[in-house]
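Q: Pasting in a structure now, in structure tokens, and then I'll have a few things to ask.
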Amino acid sequence: MYKCKLVCRDKRGFYFCGFVGKLATVKRHILGGVHFDYRRFICGLCRTRFSQRGAAEGHLNRHTGQKPYICPEYQVCGQQFSDKSGLHRHRAGKHEYVPGKTRRKQLPGRRNSSREPDQADELSSEQADE
């Protein structure tokens, strides 16, 4: 975990930020407008600026009315969304989608309690019995 060590100022005075997270999260926190107003993604229609590409794309989709993010359960619910976060909230709320569980890869050498034992596991347990 990483900690933001920049000094902030508000009506209370100066203080250390102390935001904690993964390295990418702390970088996004710093560059995303909290400490610096770094917004390089610009809407071509209204000139609004964004710090993240996904936010700019979702904003542009709202201008054009496009909804490119389609629910995988489209035959059941028929929902489409202009940004990824809308689809994510919909899936979590309506379809019992658990974020991160479906795409997480098993690292070599680590045991996953939900999988069936393979031959190597069976051999090691037989050797332990002897």
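Any Cβ shown, glycine's included, is placed from N, Cα and C.
Grabbed the feature section from TrEMBL, which reads as follows:
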type	residues	note
DOMAIN	41-68	domain 'C2H2-type'
DOMAIN	69-95	domain 'C2H2-type'
REGION	84-130	region 'Disordered'
COMPBIAS	119-130	compositional bias 'Acidic residues'
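Distances, neighbours, how buried they are, the whole picture for these features please.
A: Listed as Cβ neighbours of the domain 'C2H2-type' (41-68) (distance under 8 Å, sequence separation of 6 or more from its ends, same chain) are residues 28, 31-33, 80-86.
Each residue in the domain 'C2H2-type' (69-95) has a pLDDT score, and their mean in this model is 88.
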